[in-house]
Amino acid sequence: MSKENKTTDFGFTQVPWEEKQKKVAGVFHSVAAKYDLMNDLMSFGIHRIWKKQTIAKSGVRKGDNVLDLAGGTGDLAYKFCQMVGQQGKVILSDINSSMLEVGKEKLTNKGCVGNIEYVQANAECLPFPDNYFDCITISFGLRNVTDKEKALASMCRVLKPGGRLLVLEFSKPIIPLLSKVYDEYSFKALPFLGKIITQDAESYKYLAESIRKHPDQQTLKQMMYDAGFDNVEYQNMTGGIVALHIGYKY
């Protein structure tokens, strides 16, 4: 079946394959200005710990080339700029122009200049040379990609041999009671907060649904192997609400 006739998940709704990207773009254009505030409110600030652990496991060193993909408002990119120094380079990339503009303004105001570039790009067809990056991160972005397999293969292509991909993403809670509480919170509190803070409950309803449709820990691990990565491992965080997957290219 051609992609023109295929459907895919947009939250719990099936939409034509080619429409998902437009719908996801609408979500993030809507929430970009309040994205950081909502992250703090939704996660009670815990997202900062998840990202800190991701940075600690990235292995990024001075002189590295790093791609922060679907990097949004630049939380990871800012730290990577400090880690690579002026000898290295960080590319903050996002498919959404509104998110990228917020990230650029935020990082510029924090003094992150000289070793960072901003590139609007689709993860499924990255506009970078083969074997270019030492490290790629994608934080809370993969679940919004239409063709995840294609995106993972594209990431593998642009990684140097010996390079690593880190995927930080919502996953499947491994504690039954936590899963029930998390469901209640996600489907009731998130849209409510979205309505109050961004005047957009529907976008946060989609975000809650998209988490449930994202591949679980083992499925994503196998997808990374299938895309060409080796030694893929994952670490559950906060009882599996979030998982960090790491894969290497050899």
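Just so it is clear, glycine is given a Cβ too, placed from its N, Cα and C backbone atoms.
Counted within 10 Å of its Cβ, the other Cβ atoms near Asn122 (S-adenosyl-L-methionine binding site) come to 17, all protein chains included. Under DSSP, Asn122 (S-adenosyl-L-methionine binding site) is assigned to coil, being neither helix nor strand in the three-state scheme. Per Swiss-Prot, the feature S-adenosyl-L-methionine binding site maps to Thr73, Asp94, Asn122, Ala123, Ser139.
Within its own chain, Asp94 (S-adenosyl-L-methionine binding site) has Leu69, Ala70, Gly71, Gly72, Leu100, Gly103, Gln120, Ala121, Gly141 as residues 6 or more apart in sequence whose C-beta sits under 8 angstroms from its own.
Those residues noted as binding S-adenosyl-L-methionine (Thr73, Asp94, Asn122, Ala123, Ser139) have their most widely separated CA atoms at a distance of 17 Å.
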